Amino acid sequence: QFFVFCHGLLQLSQLLVSGYLKSSISTIERRYGLSSQTSGLLASFNEVGNTLLIVLVSYFGSRVHRPRLIGCGALLVSLAGFLMALPHFITGPYEYDLSVASTFSNTTDLCQPGAPRAGANLSDASCTPHASRENHEVLLVMFVAQALLGIGGVPIQPFGISYIDDFASERNSPLYLGILFSVTVIGPGVAFMLGSAMLRFYVDIDKVSTAEVPLTNKDPRWVGAWWLGFLVASSLVVLSALPYFFFPREMPKEVGEVLHTHTHTSVELECFPVVLLRNLRHPVYLLVVLAQVNISAMVAGLATFMGKFLERQFSLTASLANMIIGAVNIPGAMVGIVVGGAILKRFQMSLRQCSALCVLGMLLCLLTAFPLLFLGCPTQKVAGVTYWDSSGFGHHDTECNAQCHCPEKSFNPVCGSDGVEYTSPCSAGCRSVNIHADSSVLNYTRCSCIAGPGPAGFARPGTCSSGCSHLFVPFVVLSCLAGILASTSHTPSFMLILRSIQPEDKSFAVGIQFMLLRVLAWMPGPVLYGSAIDTTCLLWERRCERRAACRYYDNTLFRQR
């Protein structure tokens, strides 16, 4: 029982490390200027290390000291977690505004006619060979960390489960495995809640005092302390890894009615291709696995980018988006899995009824998910990006901010009194600024691009709200409902696989199933979703001549794709 407790704790903290990345993905994109395709590849890269080794592990089964190997794997996972946080410590502080030479002054972003801007050369000054090398280093460290995370996670689940199954009584074994399974479902929810808590802090909380940073977490340039969660999660992994070095290689079997002892024979290894073909030729097995591949690819993509989607569609902070996913969507999926299992148990279903239940769950899920195509916000009007008006914005000869000489790189969105967003006070032609007592900006005035009372309008800092917050609650309710309905088919689909194949092929068939899920779903899923999201970008941030993170998306296309 102590082993089960330790294993539950370890699986939870391992899932914290891998799930936390998904919760902070939009923040890491913004901090290091990554496209969603790159971040999707990063998120699924741990599956690469995992898949390469999982075959070996199932092969060595009970020939090794399992607890000790689990402990070693866990230490590798924690190393990977600390490596994920390393880029924060090897790079300089986050420069939220490249037009300001990392010293914040209120006038730099304003329209200053006459003098040619120093900012024009500034954009190249930050592009030393060192800066671009730094970026490669960051990516290298993170990809290596993800690969190690996958490799370290290999022994944890299979060895833990087989160890428990070998030494628990037949009566208690299902209970123990049920406990572990529920932990693996709760884990990602806890990870998103951790993300929600950490992203409330500013990224450089250890390098600069909060007073020096004129950003709030509503600001589009805000970057939360993404690295903090990795330190927390990795420390938990280290703590839960320690007991494993003290468990024995074998335990006396728990007292209970002993039916028979499992004998591991080498028969299954001789005819590997034969068994493989026999299973893949089985139509039920093949179809169910393909169905699971499709669902899993969707889940993998959604889990990675759902937070980003909510942030962009409904103008939420990263912290709030994670809170919704961790507290609403993931518990919803848990409820669905439990309900599906309960229906199975209550009605003792035949194979045909199992498949009917799966089909029903999926159809209902599609029905509730269909309205989600239309529940979202239109793209905000951004001058020169999504919106051109009669005052000549975007036409270089008569531009209302032509004499301002705005630095191209500056990004400090302001919302004009006319409801149009501008990428910086300078591009709105604003010539003066009003400051609160606590040195935060109240508003920008005398903006020549904004029509208003008198000669010019004013603008307030931050993006314009998308003005459709009333659609947010229906979206969350429907997406949660769709998730519940889809996950009711989780248990019946597993039963279809386990009951339709020959008993002696069971463990092998499940192994092949997970292998296919990894290669066809968990790996490509986030990358495909990330690429699809990238195709809807309207304005890319540029860093040192390379395309960095996306500033503005076409919200409607983003939602539909």
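Glycine is treated like the rest: Cβ placed from N, Cα and C.
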(request) Please find, within the list 41-62, 481-502, the residue stretch that TrEMBL describes as transmembrane segment. (result) 41-62
(message) As a quick check of your reading of DSSP, tell me how many residues in the domain 'Kazal-like' (394-448) are helical, how many are strand and how many are coil.
(response) 3 helix, 18 strand, 34 coil
(request) Pop the mean pLDDT for the domain 'Major facilitator superfamily (MFS) profile' (1-561) in here, whole number is fine. (result) 82
